[in-house]
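Visitor: Please find one structure pasted underneath; my questions will follow.
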């Protein structure tokens, strides 16, 4: 089965072709980072318009790269939610228009399910069941993944997602957009232990997260430093230490909660998905913990940590292989800007 995947939930336009026998044939991605940088964040209307401009050229790109023809495609999967309403509508409209014109079925995919399943795109995918740490700009969750569509929420953030905390801390430090990668790069120049920040809910006894207090702690300590050194020169030199302190604190919490989830479920496989999963400090800490504790940790390829069409094509193919009745030919679609992943549980 050959499935075309279309991702347009936020500020990346992604298209891909996935074959259930041959794997990922081709994927193409356009990021809107440069367009949104001058505004310091994603502008929804601009994002929607750019998806319209980019989708069809990307389709031609993946068809050319894969050698496939439109007649070879068996179904079209698109991101149905969650995400920006306008951006979702663009992707859904394009998917259903193509499907109508080509006489193909469609299937709407949960964006986070795509992330959860994205590590299955590697050469040696992890078998079910596993614990998944889903960590991105909008979500931070620990899930038990028993099979496609069989998900149990173990813990989640009570306020800011980890990626959101990265972005907000970047703004406090006067860094550019997107903030998460900038904070991580600056942290590598910081001195370990020079700035010590709290580890929120580290010993809460559950698997939930909270990152809003960590961001506030950065702001409070920065203000104290500014007051002590009027001129700001010391503060400029200290920014790397603040970034290091923030990243160390966030990583410590993510690793500790992941270990606790593995212990609670008695599983030995951890999958890390979402944009923050590309963070080098997080990967290094989890790899060290895996070696010490005797469990396996799996990641998608770095290029597939961000939003992409490959994960949507994969999720669509896996769902249609198990539940062919989920394919739709009525082309009357809806999008779900808010959509609880737990609602997919079978």
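For all residues, glycine too, the Cβ spot is worked out from N, Cα and C.
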Visitor: Among 279, 308, indicate the single residue that Swiss-Prot lists for the substrate site containing 134, 135, 136, 137, 138, 167, 180.
Guide: 279
Visitor: Among 296, 301, 307, which residue does Swiss-Prot name as a further Fe cation binder in the site formed by 111, 115?
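Guide: Among the candidates, Swiss-Prot records only 307 at this Fe cation site.
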Visitor: Could you round the CA separation between residue 134 (substrate binding site) and residue 115 (Fe cation binding site) to a whole angstrom and send it over?
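Guide: Per the Cα atoms, residue 134 (substrate binding site) and residue 115 (Fe cation binding site) stand 7 Å apart.
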Visitor: Enter the number of other CB atoms within 10 angstroms of the CB of residue 136 (substrate binding site).
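Guide: For residue 136 (substrate binding site), the count of other Cβ atoms within 10 Å is 24.
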Visitor: I need the most crowded of these binding-site residues: 111, 115. Count other C-beta atoms within 10 angstroms of each C-beta and give me the top one.
Guide: 115
Visitor: To the nearest whole angstrom, state the Cα distance for the pair residue 111 (Fe cation binding site) and residue 135 (substrate binding site).
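Guide: About 13 Å separate the Cα atoms of these two residues.
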